[in-house]
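J.: If you scroll down you'll find the structure; I have some questions about it.
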Amino acid sequence: MVVQGISPMLWGTMSDRWGRRPMFVGCMIVLSLSCVGLALVPTDAYWGLMLLRCLQALGSASTIALGAGVIADIAAPAERGSYFGMWNIGPMVGPCVGPVLGGVLADKLGWRSIFWFLMISSAVCAVVMILLLPETLRAICGDGSVPPPKAYMPIIPIIGRKKQEPDYSTRGSRRGFANPLLLFLYPDVVLILFFNALVYSEFYAVTATISTLFLDTYPFLNETDAGLCFLGIGGGMLVGGVAMGKLLDADYQRVKRKIIRKMEQDPENKLNAADATKDEYFPIEYARLRTVPAFFAVFVIACIGYGWCLHSSVNIAGPLILQIIIGWVTVSLMNGAQTLIIDLAPQHGSAITACNNLVRCSLGAVYVSVIDLILKRLGTGWTYVLLSGICIVFSPTYWILIKYGPRWRAQRRARRQAAETV
């Protein structure tokens, strides 16, 4: 998880400079080759297993930042929520479906078959990307009308086959390498990343302990049954991701219409409707976060209820239903936060997502490291009360973002304009 948090900082920054397509293919090649090593590693070489697992994370985790960069390239703010809703299904549902596949493969073919399966899957992904995936970085292909260099073109150009008149004004200038750590100087970015990491870490504390807690609480389950218990939370995330994406877009349009009405009712207003979505007028923090308090309240109640259901050994249907709810609201919270951070720094789509990955994976690694100790000391019920209580303490973060976020954005905009005039 540590490498998983750090590696997107490298790949994401390179993709903002050199393009999305070569970085995607590079990640898949690294992942595929590391899986070959893991499938062949001797059982007495634990150091080799750990080293190759880190290399595996180096390839796989970075695709999250690259995917967010693609969405920043191709989606306008008004439709970005739906794009993120669909995109988030993969990285959020994958860890829930993976244990089911892994359990079946390990049970039927042995644990090495897991890595052969991953090697084949990642190699197929690499081939598909080489054949079909177009370049989207605006510094290379603008709004899609500018043909990229031949090395960046897919072998089978299914997407964007229509010839367009190139609009070179949309391409912009190729930026040098930007230090992604400088994004931590944005106070609004730091706040949203930190609170997002707290929610993600509690979610990870739920998923990381499903096998252990369910096998201890319900002795009639076998390993395959325990793996199937991950499907509840994965199904909730699948539905929640799509639904929340649509909701984010609807909220954006709702806030936009409200601003336009306000402009029309002001007789002294000299702005037109097109100005409603300009950075200096549009309260993007409110548009993205207005439904978050309701989802957060459900998240806290569901997590506490989940802990006490397992503590009391109620019917297995109880915690499984709560898992579905936890999956739904978690991905809803993640989508709102992820869409907002792209809105705050669209020119650094991959880099800022890498920062998000760094913070949440680092904190998630801490939670996973200590969750067993907390469970043994406090018991299941009080453990999730504690983790939810930590989130509640920092929940005013959202109100701070909505109130002060526009002011911080205005200050950054003024600094950029001053720098451009010098």
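Glycine residues also receive a Cβ, built from the backbone N, Cα and C atoms like all the rest.
Just so it is clear, the model here is predicted, and its values are computed rather than measured.
Pulled these features from TrEMBL for this protein:
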type	residues	note
DOMAIN	1-406	domain 'Major facilitator superfamily (MFS) profile'
TRANSMEM	23-41	transmembrane segment
TRANSMEM	47-71	transmembrane segment
TRANSMEM	83-102	transmembrane segment
TRANSMEM	114-133	transmembrane segment
TRANSMEM	181-206	transmembrane segment
TRANSMEM	226-248	transmembrane segment
TRANSMEM	291-308	transmembrane segment
TRANSMEM	320-345	transmembrane segment
TRANSMEM	357-375	transmembrane segment
TRANSMEM	381-402	transmembrane segment
J.: For the transmembrane segment (357-375) against the transmembrane segment (181-206), do we get 3 or more Cβ-Cβ pairs below 8 Å once near-sequence pairs (under 6 apart) are dropped?
T.: yes
J.: Can at least 3 Cβ pairs under 8 A be found between the transmembrane segment (381-402) and the transmembrane segment (291-308), with each pair 6 or more apart in sequence?
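T.: Since 3 or more Cβ pairs under 8 Å link them, the transmembrane segment (381-402) and the transmembrane segment (291-308) do come into contact.
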J.: With CB pairs under 8 Å as the measure, which of the listed stretches 47-71, 83-102, 114-133, 226-248, 291-308 comes out on top against the transmembrane segment (320-345)?
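T.: By the under-8 Å Cβ criterion, the transmembrane segment (320-345) pairs most with 226-248.
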J.: Counting only residues 6 or more past its boundaries, what in the same chain has a CB within less than 8 Å of a CB in the transmembrane segment (47-71)?
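T.: Beyond its ends, the transmembrane segment (47-71) has Cβ neighbours at 1, 3-5, 7-8, 10-12, 15-16, 20, 23-24, 27-32, 34-35, 37-38, 41, 80, 83-84, 87, 90-91, 118, 122, 136-137, 338, 342, 349-354, 357, 361.
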J.: Might you confirm whether the transmembrane segment (291-308) is in contact with the transmembrane segment (83-102), defined here as three or more C-beta pairs under 8 A between residues 6 or more apart in sequence?
T.: no
J.: Do you know the mean pLDDT across the domain 'Major facilitator superfamily (MFS) profile' (1-406)?
T.: 85
